[in-house]
Amino acid sequence: MKNRFLVLGLVAVVLVFVIIGLCIWLPTTSGKPDHVYSRAAVATDAKRCSEIGRDMLQEGGSVVDAAIASLLCMGLINAHSMGIGGGLFFTIYNSTTRKAEVINAREMAPRLANTSMFNNSKDSEEGGLSVAVPGEIRGYELAHQRHGRLPWARLFQPSIQLARHGFPVGKGLARALDKKRDIIEKTPALCEVFCRQGKVLQEGETVTMPKLADTLQILAQEGARAFYNGSLTAQIVKDIQEAGGIMTVEDLNNYRAEVIEHPMSIGLGDSTLYVPSAPLSGPVLILILNILKGYNFSPKSVATPEQKALTYHRIVEAFRFAYAKRTMLGDPKFVDVSQVIRNMSSEFYATQLRARITDETTHPTAYYEPEFYLPDDGGTAHLSVVSEDGSAVAATSTINLYFGSKVLSRVSGILFNDEMDDFSSPNFTNQFGVAPSPANFIKPGKQPLSSMCPSIIVDKDGKVRMVVGASGGTQITTSVALAIINSLWFGYDVKRAVEEPRLHNQLLPNTTTVEKNIDQVVTAGLKTRHHHTEVTPDFIAVVQAVVRTSGGWAAASDSRKGGEPAGY
């Protein structure tokens, strides 16, 4: 009998240990599997949109077909960040020709715009006057003409169905609705789409956009001309003018997207990074990386607490110097920024700035020599796509601040951008006493400066190594830089490269913002070096990336916005 109880007791003890072991082990091993695909990958900030891009690739579509179909979907599921009432940039890499190109479909100032048109920031953030000429659909058209394989109309069908039949409010849209609750509930056109019984929709509730579905159907059938010189044009102008805007039919008629056949590039070891130049922030990204590559970062740079603290201090100092020079950038068609860009892409110039970084301490703002002040830019969305043939697209799209101008057409369902707010105005001197940037003043037809930097990195054999970009306003450039540093230099896998807690400093204000879950070694090291740090209650930007590995294409969609990649 004793033996029997002894055996039962031993069995019970073993079972307890097994259960405890499972409880400890399961949470760490039953998370989402790594998203590694043998042939192709799509990383967007919404799972359904990644799947739509994947489906287009499986139908025999090109990497650009997949990108356009995914972007149309993102304009619904993350309508607060982007859509056909906004603009975008594509960075495209053709694996056959081994050439990179950029398509510029950024919004531009209407022809009646002028330098002093805004006397207060509210007018540049909300209402018809804040709307710049949208470029999104012209950008899709040009990209499809050059690289599309599937019929134009096919790319629209999944999003037409989503808009018409509805989809659940996701994490990103729910957060934006909560943040902008007051204005949405007070604006009938917005509340018609984004409210139920007068209150903003919650995560998981269904949103439908039947009027936008009709507009997408027209664009699918009639092409981009419907928007710019066709059946939709008069209504678009009417909607914007009735909201106080100055856009004309001629503004839409005359808008053209542009191919840039020689984007900016930088050598990173045996790899090359391609990124758009001004008015985007490619020069800023390149200057950050040029400064930092002189430190020869490696996994050892973050291996010990002391080394990690020093490494992140150096990274923040590079951010400060690069953002100081950003204040001199503008639309190169209107201002001569060639010397500024040459400096920002020069390794010699980066070496000079690196020599001014002191490992023991940071410095006051004036040390970094900011010339002017630039306004913060807003929301955006990004996708990264690689197709079976190894071609790639990085595309970043925006309507600027959450819900753009807050002007939503009750006829077409289009939500228009507030991109005029990205320009500088001579009527505003910022709170730091720094003058606004003349290079970014408003002129008719001019494009405002942006933090976007959709990037593609290829190896010495011309094969895509990494496709990366981000959304998140002024924090985009630093977040893309960190993802590249994490992947290429620190040796992190793509998921960790994207998910690793981030920090940001744009010099004005000279505050280093950190995410709340960042390693305390980093914040302690920054404080020791006299950084003014601040923990953000939110998060710093949203990154989408695809990286080539020995097992295939590893894709990561940032959990900060609830995205998920797809592939096959």
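Cβ coordinates are placed from backbone N, Cα and C, and glycine is handled just like the others.
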Which residue of ARG98, ARG106, ARG111 does Swiss-Prot report at the same L-glutamate site as THR398, ILE399, ASN400, GLU419, ASP422, SER450, SER451, GLY473?
ARG106
Looking at Swiss-Prot, which of CYS23, CYS73 bridges to CYS49 via a disulfide?
CYS73
Going by the disulfide annotation in Swiss-Prot, which one of CYS23, CYS195 is bonded to CYS191?
CYS195
From ASN94, ASN296, name the one Swiss-Prot lists as N-linked glycosylation site.
ASN94
In sequence order, what residues of the same chain, 6+ apart, have a Cβ less than 8 Å from the Cβ of ILE399 (L-glutamate binding site)?
SER81, MET82, GLY83, GLY85, GLY86, GLY379, SER405, LEU415, PHE416, ASN417, ASP418, GLU419
Top Cα neighbour of ASN94 (N-linked glycosylation site) in the set of recorded positions CYS73, ASN114, ASN427, GLY473:
CYS73
Anything within 10 Å of ASN427 (N-linked glycosylation site)? Look among the recorded positions CYS49, ARG106, ASN510, comparing CA atoms, and list what you find.
none
Top Cα neighbour of CYS195 (disulfide bond) in the set of recorded positions ASN119, ASN229, SER450, GLY473, ASN510:
GLY473
Given the glycosylation sites ASN343, ASN427, and counting only Cβ atoms in the protein chains shown, which has the most within 10 Å of its Cβ?
ASN343
With H, G and I counted as helix, E and B as strand and the rest as coil, say where DSSP puts ASN427 (N-linked glycosylation site).
coil
Additional residues surrounding L-glutamate, by Cβ distance to the ARG106, THR398, ILE399, ASN400, GLU419, ASP422, SER450, SER451, GLY473 centre under 8 Å:
GLY86, GLY87, GLU107, ASP377, GLY378, GLY379, THR380, ASN417, PRO448, MET452
Could you state the CA-to-CA distance between CYS49 (disulfide bond) and ARG106 (L-glutamate binding site) to the nearest Å?
22
